[in-house]
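Worksheet: one structure, shown below.
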């Protein structure tokens, strides 16, 4: 209960600046999606978190505009909603009546975006600065496309296979032609044997016929 | 019903080996003809030939679009009445006459050689474009060996401020398919030149095919042990993975929910009949060839029934797996769509997070629409509908390369699933290509156009080389449109014509009585009344009906093709009419194989008439030496 009162008081003090309003030309809207990002481990958004936000934004401004000592009081926040979205403007540390223009604020945020994100355990998508587009990460380009490597491997295997098959066919054929004259000699011997050892009942083996067969085969 | 129609066919006994000669050949094991190492090899090769990419990406689409579970009824009926009889016929005639397709039809009657030549031409044309799909699959497979997968991200534009426009307007998977893979042009007549990465993939596809087919079934018979069994393993892995994903059961339910009204639609029965016919890879000549390497007494009847059952079951199984993954993808897209809309609402009205969830979204939207209608209008909310997402009707290359790849990138460990999926598609396609190559190489050898002394390796190499050279059409920027053209015309009507002619030739020219006796000799019993009725009447009638309807629908409708054009109706495909010269190409693709049947019959007729005198002289030689020479001829 006390927290809530304090919260409202701080809001009131922040709201005191009329220059901070929705659609202000000098500031930006911020949207946080804590539950989407963290699920069960989501933290509750309260004035301490808001203080952290203002501090990290001051840090970002200090980084960008060297020399100027931005304080938490230079970051003015207004129009906080249940969504967890709000508007903010930045005043110059030297003269609080002067506002820092949009381009500088945008550049500062862009520069330190990562640091701001990690302070809240969020990402570019869940900690949204409306109208500041996140710089897209360049995709990693491989020195040699991986598909070419796989292609090379496959083609190497295929070529090796073709060569092995063709060579083995040629070798097999050569072995066959070398064996053929040997086989024919064996055939002739066996044929002669059957004639010699053959039974009289088998009939006469017509030698002229078998020779003819061999010739017509060639 | 006993039709005793038989056309006169003189000299048939001289052209075919008799039963006694078959027994002798069986015992002697004439080493000239290749043989299967074992029955499993033969069955796996036939299953591999029949089970192809169509089982994975055509049947699920037909099933879902024609009334889900109800589609099984026409599919099963036509499988039994059309598929099994034709398959049995091809197996039996190949096993009996022991020749490839040209040899078989030439033996039955020399006037029928045209049927074999038509099979050869169709196998060649289909092989050409089928292997291009294999090249695409290999390209995706090569690209799957990286994390993150290349189709999961859009490339950045020139000044790194955002994504490439074409990619952000469509989707990452669309962009990768149409731009980085095909680099598609906007019309079929804009050829756009050869894409070097596609040419390399084509080289890989034809090279791998050549290695596996280099010695015919000697090498491909070993390869099928892997290529025919691996798809089943991968399908099972995907089924288990799919069932553990959210929304998969919705997909399966969507697939099988029957809509009995679809059975009244004649288009359903036509599509079922066409699917059965093409799914069995009939009329390519490859099955006749494979069956001719069997032993004479192999039970071809049992084989036909077994392979038909396996083919049918595989179709249903793969449809289940595919739709479980599609269900997952649809659920993911639905969830993304809903959370997008919810985020828009809570951002616009600054509600706390999680105040609007999927369950109260509709109530919240209605309330807000009544209170602030103008704000709601400005938000441009999308309607998220599960039914639309599930029926994003996809078949063919769209299913594999767009829908499935999108589902894969949403799964954890995406590269693993991508590699498995594309290896499965590759194996399915490769085993079908074995049959195609067989249907080209063996008839080429039978036709004796090239010297017989050339070894099989050279025939195979020549076929692969010529097909690759012609297939470079598909490596152009307009290649996808050419492929769709080939798919629609070369692989449809000619096959139906050839299938019908095959049936007619065997039953009425060869003679169903002689065929019955042959089967009795080979298998041991005469084919029963089911086979008689289906062979003589039922299957030819079904095929004529499908052929006529197909022909009529193709001729009457305005022929268009779907174009990927950034200017018009992006990112959906836009139908565009063909230029007039394409009709010539269509005629060549569909007409020439079909017309080669009568043309060749005419050619043989003229040849007989003018050379009749010489032929008479041949037949009168009756000496012993002449008879010996004739015996040698018959052996081969």
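Keep in mind that glycine also has a Cβ here, set from the backbone N, Cα and C atoms.
Annotated in TrEMBL:
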TRANSMEM  B:42-59  transmembrane segment
BINDING   B:48, B:51, B:55, B:279, B:311, B:428  Na(+) binding site
TRANSMEM  B:71-93  transmembrane segment
TRANSMEM  B:114-142  transmembrane segment
TRANSMEM  B:194-211  transmembrane segment
TRANSMEM  B:223-243  transmembrane segment
TRANSMEM  B:272-293  transmembrane segment
TRANSMEM  B:305-326  transmembrane segment
TRANSMEM  B:416-437  transmembrane segment
TRANSMEM  B:458-477  transmembrane segment
TRANSMEM  B:489-512  transmembrane segment
TRANSMEM  B:533-552  transmembrane segment
TRANSMEM  B:581-606  transmembrane segment
* Asked: Within 8 Å of the centroid of the Cβ atoms of B:48, B:51, B:55, B:279, B:311, B:428, which other residues of that chain place their own Cβ, given that this set defines the recorded Na(+) site?
  -> B:47, B:49, B:50, B:52, B:54, B:314, B:315, B:432
* Asked: Does residue B:279 (Na(+) binding site) have same-chain partners at least 6 apart in sequence with Cβ under 8 Å from its own Cβ, and which are they?
  -> B:50, B:52, B:54, B:55, B:58, B:59, B:83, B:311, B:315
* Filtered binding-site residues - B:48, B:51, B:55, B:279, B:311 - keeping only those with Cβ under 8 Å from chain A -> none
* Asked: If we call contact 3 or more Cβ pairs under 8 Å (sequence gap 6 or more), are the transmembrane segment (B:533-552) and the transmembrane segment (B:272-293) touching?
  -> yes
* Would you kindly list the residues that approach the transmembrane segment (B:71-93) from elsewhere in its chain, counting only those six or more residues past its ends and only Cβ-Cβ distances under 8 Å? => 62-63, 104, 262-263, 268-269, 272-273, 275-277, 279-280, 282, 287-288, 291, 300-301, 303-305, 307-308, 311-312, 315-316, 499, 502-503, 506, 510, 515, 518-519, 522, 527, 531, 534-535, 538-539, 542-543
* To do: Report, as a single number, how many Cβ atoms besides its own are within 10 Å of the Cβ of residue B:51 (Na(+) binding site).
  => 27
* To do: Let me know the DSSP-derived helix, strand or coil state of residue B:51 (Na(+) binding site), please.
  => coil
* **Cβ neighbour count (within 10 Å, all chains shown) around residue B:428 (Na(+) binding site)** => 27
* Asked: Who sits close to residue B:48 (Na(+) binding site): which same-chain residues at least 6 apart have their Cβ under 8 Å from its Cβ?
  -> B:224, B:227, B:228, B:431, B:432, B:434, B:435
* Packing count at residue B:55 (Na(+) binding site) (other Cβ atoms within 10 Å of its Cβ) -> 24
* Asked: Against which stretches of its own chain does the transmembrane segment (B:114-142) lie, if we need a Cβ under 8 Å and a gap of at least six residues from its ends?
  -> 53, 100-106, 181, 197-198, 201-202, 204-206, 208-209, 283-286, 397, 400-401, 405, 418-419, 422-423, 425-426, 429-430, 432-433, 436-437, 439-440, 443-444, 446-447, 463, 467, 470-471, 474-475, 479, 482-483, 486-487, 490-491, 494-495, 497-498, 501-502, 505, 589, 592-594, 596-601
* Structure fact -> Per DSSP (helix/strand/coil reduction), residue B:311 (Na(+) binding site) sits in helix
* To do: For the transmembrane segment (B:194-211), name the stretch out of B:305-326, B:416-437, B:489-512, B:581-606 with the most CB-CB pairs under 8 Å.
  => B:416-437
* Structure fact -> With the greatest number of Cβ pairs under 8 Å to the transmembrane segment (B:305-326), the stretch among B:223-243, B:272-293, B:416-437, B:458-477, B:581-606 is B:223-243
